[in-house]
Amino acid sequence: MSTAPGASRSAALLAFRLAAATLASMPLLLVVLDIINQSLGPDPGQEVTETLGLAAFQLLLATLFMTPLQRWTGWSGWLRIRRMLGLFAFFYASLHVLAFLQFILGWNDLWATFTKRPYVIAGAVSFLLLVPLAATSTRWMMKKLGRQWKPLHRSIYPAVVIAWLHFIWQARSDVGEMVVYGVIVLGLLALRWRWFGPGSLIPFKRA
Amino acid sequence: EALDYVAMPGFSTDEEKTPYDDVTRYNNFYEFGTGKGDPARYADEMSVTPWSVVVEGECDKPGTYALEDLLKPHDYQERIYRLRCVEAWSMVIPWIGIPLADVLKQMQPNSRAKYVYFETLHDPEQMRGQRSMFSTIDWPYQEGLRMDEAMNELSFLAVGLYGKTMPNQNGAPIRLVLPWKYGFKSIKSIVRIRFQEERPRTTWEMLAPQEYGFYANVNPEVDHPRWSQKRERRLPSGLLSPNWIETVKFNGYGEQVAHLYKGMDLRKFY
């Protein structure tokens, strides 16, 4: 067998991964541009925090879309960008948490904020669920965890549901956007259920 | 359009004013969308001329008033007030308008008038936020005051800001300004005023009574269930130097209004 088709395949995959990385970087790029242009309005801290949080949530959803896309298209390339998207989601979530602490709280009132505000608690729980996933995303950790890796990484399902709660809890009157996101989340979970059974949605359960 | 007015030093502050561009581009006016920039983008879809206000209920001069007739007998004043939003940000805005009490007296409320109710324009054709399928607000927007609150010297009916006619996104052509209460009490684009004996229910109270009370007085001691009210970001706020200030009870207007609430438990009547 000649090496040419394999090489062009891997070149195409590299281009695909680069495109995905560029797309996933866009929200950050746009925020940075807005900061430089000072076009964030009179309350830039709020704006930056919200933008980063929404980007984290959208990338979590994108991560969950890869398996359905692979099954619908029969192309395994989607699965090759899944880890990267997940790490981008965690990256945005981390920036979002830092922005919230710095711009919204100013590192004040921490105890009350994290014990008394349900939407903040939901956000914190969702973020904490993502930490072990990011920490065990390397090939080495995958190997080390072996058959435990997959059950652990199912924590992404409660994380995304709780993240959605974090948003809907903040809506003051117009819930349209979050209803749409809620339908997407439900759809993604329903697909998993249908394809892999209910056990595939439960963290730490050996399916 | 530039307006003629008299400055009112007794109703002003030396604090730095929030720039015109921020006052007119960062708004909560859900009739035009829930984004802060939506009102500036879409409020032009509302026509404010001609404008009339229906006056009804417990008064001797009910009727439909053309806005000009309502305003004609009064001189415009400029008052520089602090505006504290329930979302924990605040501005300092030079309003142009007339005392609410002067206008209400014109309508001659009778002895059964214990409260006054206000209503914003309801016209989904002109107000795209009212066309939203997912809005949980039951339009029109409704607000109310106890009669003694309405007659307080601070209560103001604004028709402009920064010396000019009110931009649509700020509640043209006529809106309330109640500087000791959270911003949502200061109802915009008023089309109806009703004097009544029973306390009106207000839009935010109907939507989330545990979060938004009828009184909605600025009070750092009573947290919103979802966030603290102890501090506020005075706008414009910088990214690296957030302009945090301590929130003051009654937004600093206690001298004028604290007596209205004597003997009331403000934790209960929030």
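Here the Cβ of each residue, glycine as well, is placed from N, Cα and C on the backbone.
Per TrEMBL, the features are as follows:
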DOMAIN    A:52-163  domain 'Ferric oxidoreductase'
TRANSMEM  A:12-32  transmembrane segment
TRANSMEM  A:52-72  transmembrane segment
TRANSMEM  A:84-105  transmembrane segment
TRANSMEM  A:117-135  transmembrane segment
TRANSMEM  A:156-172  transmembrane segment
TRANSMEM  A:178-196  transmembrane segment
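If one looks beyond the transmembrane segment (A:52-72) by at least 6 residues along the same chain, the residues whose Cβ comes under 8 Å of a Cβ in the stretch are 24, 27-28, 31, 78-79, 81-82, 85-86, 88-90, 92-93, 95-96, 99-100, 123, 156, 159-160, 163-164, 167, 181, 184-185, 188, 191-192, 195. Residues 17, 20-21, 24-25, 27-28, 44-46, 48-49, 52-53, 55-57, 59-60, 62-63, 66, 113, 123-124, 126-127, 130-131, 133-134, 137, 156 of the same chain lie 6+ residues outside the transmembrane segment (A:84-105) yet bring a C-beta within less than 8 angstroms of a C-beta in it. Taken together, the residues of the domain 'Ferric oxidoreductase' (A:52-163) have an average pLDDT of 95.
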